[in-house]
Amino acid sequence: MLGFLKNPIVVTAEINMNLLALTVMGLISRLRGLSYPRAIVFDEVYYGQFVSLYMKRIFFVDDSGPPFGHMLLALGGYLGGFDGNFLWNRIGAEYSLNVPVWSLRLLPALAGALCVPLAYQILVEMHFSHCAALGGALLILLENSLITQSRFMLLESILIFFILLAVLCFLKFCNSQSCSAFSGSWWFWLLLTGVACSCAVGVKYMGLFTYMLLLVIAGLHFWHMVEDQNLSNASLMCHFVARGLALIIIPVTMYLSFFYVHLALLYRSGPHDQIMTSAFQASLEGGLARITQGQPLEVAYGSQITLRNVLGKPMQCWLHSHKNTYPIRYDNGRGSSHQQQVTCYPFKDVNNWWIVKDPGMQQLVVSNPPRPVRHGHIVQLVHGITTRYLNTHDVAAPLSPHAQEVSCYIDYNISMPAQNLWRVEIVNRESDTDVWKTILSEVRFVHVNTSAVLKVSVRLSGASLPEWGYRQLEVVGEKLSKGYHQSMVWNVEEHRYGKSQEQKEREVELHSPTQMDISKNLSFMARFAELQWKILTLKNEDTEHKYSSSALEWITMDTNIAYWLHPTSGAQIHLIGNILIWASANVAALIYLCLSLWYLVRRRRRIYDIPEDAWRLWVSAGRICVGGWAVNYLPFFLMEKTLFLYHYLPALTFQILLIPIILQHLSNHLCRSLLSKSMFSAFIVAWFSLVYLVYCTFSPVTYGAPSLSVTELKNLRWKDSWNILIRKH
């Protein structure tokens with residue numbers, strides 16, 4: 001029974017020494033001296049703030065992209081025991097002792113290091129020689145810009161890692177297709193492709209470019225399968241469903257999961273709450289939630305409410321009035337009604353409170369039981385402190401003469417009757433009998449007499465009233481109210497059921513906090529939809545940055561970025577590439593395009609310069625490398641945002657992979673004689689030596705050490721457009 005123990009248990013394993021050596025070299029190049037400099041380096045000042053907010057569980061919105069990359073950086077901080085207490089106020093500021101610098105920079109560095117063996121495996125899976133794969137991986141290893149970008153708390157190296165992982169998994173899936181469809185390895189690589197794609201998109205939206213490229217290639221691959229008569233309809237359907245599940249359903253599900261974890265972690269109110277809706281703010285702990293917790297859900301006649309404009313631009317504001325009146329005449333000579341001003345005020349104030357009144361009754365308190373206001377009901381809005389009614393009439397607004405003035409009506413006993421009836425229209429209603437709900441309902445107020453809609457004036461510079469209006473935002477009645485622009489939409493933010501009929505008692509009531517027993521929790525999908533929309537539409541003012549550049553400057557590396565400068569010595573770190581690799585990558589792309597055109601024209605004339613297998617290999621390499629370069633580069637010409645050199649790094653990575661492909665192709669198909677092959681090999685060795693020499697030359701500004709003299713720094717300025725920092729003593 002125990003006879004199997006008579007022989008030793010032997011485990012054998014194949015180790016690819018090339019892969020192992022490349023991994024070790026990648027780790028050394030990215031991890032050595034990772035804690036240096038112990039100071040904020042360039043965009044660490046930006047990402048570090050988000051890491052601190054994660055540590056403190058405080059909600060934030062970053063318009064640069066999804067949260068997965070930020071969560072990975074925060075994971076590094078968590079593993080290092082970071083408590084989030086650090087002021088990320090300027091580049092070059094020294095880190096305090098509580099900041100685990102090595103841990104925060106670890107994940108980007110690991111991702112950058114693993115890109116080296118990934119490059120090797122991608123070229124092998126594309127059926128190029130191990131020598132060519134080794135050369136491509138070494139080029140990734142010796143590219144100074146990729147090293148610099150991966151050694152700090154930045155996202156580009158993580159993005160490139162997931163992009164390369166997605167490409168590798170897809171290639172492995174395709175290679176397993178012919179011999180073992182629907183096998184365990186086939187499913188593994190297909191599913192991992194979808195996972196890697198979703199991670200790439202989750203780090204930065206730039207990952208979407210490679211994801212779409214792989215979807216197109218997968219679609220073409222499936223289209224060719226349709227021609228295969230050996231595959232049954234059921235088999236084709238299974239292939240289609242499998243690809244749809246792995247490449248669409250799983251990435252979408254994972255993308256949603258990134259936001260789910262993000263929102264679960266950041267449950268506390270923070271500085272970015274203001275741009276979110278009241279409903280979203282109320283779902284966070286503290287802030288608005290502390291104020292609105294337990295408010296009545298249904299707005300009733302007699303309710304005391306504050307009305308927040310949904311647009312939130314140029315700033316969040318609430319419908320507001322005060323005792324001051326419009327001037328009899330404006331500076332341009334136009335007259336006004338001289339009635340009480342109505343504005344939109346960007347701060348919480350007791351003058352933001354209004355009472356919802358039934359036009360057919362005099363009482364300003366909620367009856368028992370409450371009578372809820374529904375879509376289409378006619379109401380009057382009474383200003384809580386001054387008890388005057390919200391009114392609009394055919395008088396031009398102060399800043400927007402095409403629109404009607406909105407005021408609180410004062411009876412001057414002249415021929416200007418009150419026009420204070422408003423119809424409540426619930427924009428996001430599910431039926432025409434919906435009840436007006438606190439926070440959740442988005443409503444328009446349509447003036448019964450004139451059909452004008454209550455709205456905040458929207459201008460590029462904002463519509464702030466002059467000094468007589470305390471620089472508050474203008475509120476108007478807009479007659480041309482086509483559609484539902486957010487400036488016309490309001491929601492109830494604070495709400496209580498009024499109990500005091502006497503004005504003095506009511507004023508005390510308006511100043512007191514609300515405490516009722518009802519909660520309003522948004523679903524995850526509602527919170528996700530709002531946050532996703534804010535990320536896509538929120539635009540910070542694009543300001544010219546000293547190191548911003550155009551996409552056209554990236555190809556020839558006519559620009560660089562100074563990441564860090566030592567406060568006393570000449571030590572500095574720059575995002576600057578290995579210029580020989582960049583130039584070679586451009587030449588390789590040009591050669592590929594020219595040879596492809598030549599081959600296509602010749603094949604059109606039935607002249608085949610290379611074997612059919614070599615042609616298919618050439619085309620598939622172009623789909624991945626040239627296609628990857630194009631989709632990660634060309635879209636930047638259409639973008640209206642501040643661009644930097646590091647945006648080019650994903651495209652550059654694909655272009656670098658093309659270099660060994662071109663070299664192998666030239667060696668195999670253009671160098672016919674033994675002499676030409678020997679000369680070409682000697683050229684490659686000499687070229688690689690120069691690549692290494694350039695890498696060593698720029699290493700001091702890649703790693704920030706050793707410190708260089710003024711003369712040495714000037715000698716590094718190989719292009720007049722490069723900004724090498726020279727300290728003046």
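The backbone N, Cα and C atoms fix where each Cβ goes, glycine too.
The feature transmembrane segment is assigned by TrEMBL to 6-28 (among others).
Residues annotated as transmembrane segment in TrEMBL: 65-82 (among others).
The transmembrane segment feature in TrEMBL is assigned to 102-120 (among others).
The transmembrane segment annotation in TrEMBL covers 153-174 (among others).
For 186-203 (among others), the entry in TrEMBL reads transmembrane segment.
What TrEMBL lists as transmembrane segment is 209-226 (among others).
Residues or ranges marked as transmembrane segment in TrEMBL: 246-267 (among others).
Per TrEMBL, the feature domain 'MIR' maps to 296-359 (among others).
Taken through DSSP, the domain 'MIR' (370-427) splits into 0 helix, 26 strand, 32 coil. Here TrEMBL flags 370-427 (among others) as domain 'MIR'.
Annotation comment: TrEMBL describes 579-601 (among others) as transmembrane segment.
TrEMBL lists 613-631 (among others) with the feature transmembrane segment.
According to TrEMBL, the feature transmembrane segment maps to 643-663 (among others).
According to TrEMBL, the transmembrane segment annotation covers 675-695 (among others).
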- Task: Please work out whether the transmembrane segment (153-174) lies in contact with the transmembrane segment (65-82), by counting C-beta pairs under 8 angstroms that are 6 or more apart in sequence and asking whether there are at least 3.
- Result: yes
- Item | the transmembrane segment (675-695) vs the transmembrane segment (579-601): 3 or more CB pairs under 8 Å | yes
- Query: When each of 65-82, 186-203, 246-267, 613-631 is checked against the transmembrane segment (643-663) for Cβ pairs under 8 Å, which one has the most?
  - Reply: 613-631
- Any contact, the transmembrane segment (102-120) to the transmembrane segment (6-28), with at least 3 Cβ pairs under 8 A: yes
- Message: Need a quick answer: max count of Cβ pairs under 8 Å to the transmembrane segment (65-82), which of 6-28, 186-203, 209-226, 579-601, 613-631 is it?
- Response: 186-203
- Message: Quick check for me: are there 3+ Cβ pairs below 8 Å between the transmembrane segment (613-631) and the transmembrane segment (209-226), leaving out pairs under 6 residues apart?
- Response: yes
- Message: Using Cβ atoms and a strict cutoff of less than 8 Å, what residues sit near the transmembrane segment (209-226) while being 6 or more residues removed from its termini?
- Response: 163, 166-167, 170, 174, 177, 193, 197, 200-201, 236, 239-240, 243, 247-248, 251, 623-624, 627-628, 631-632, 635, 650
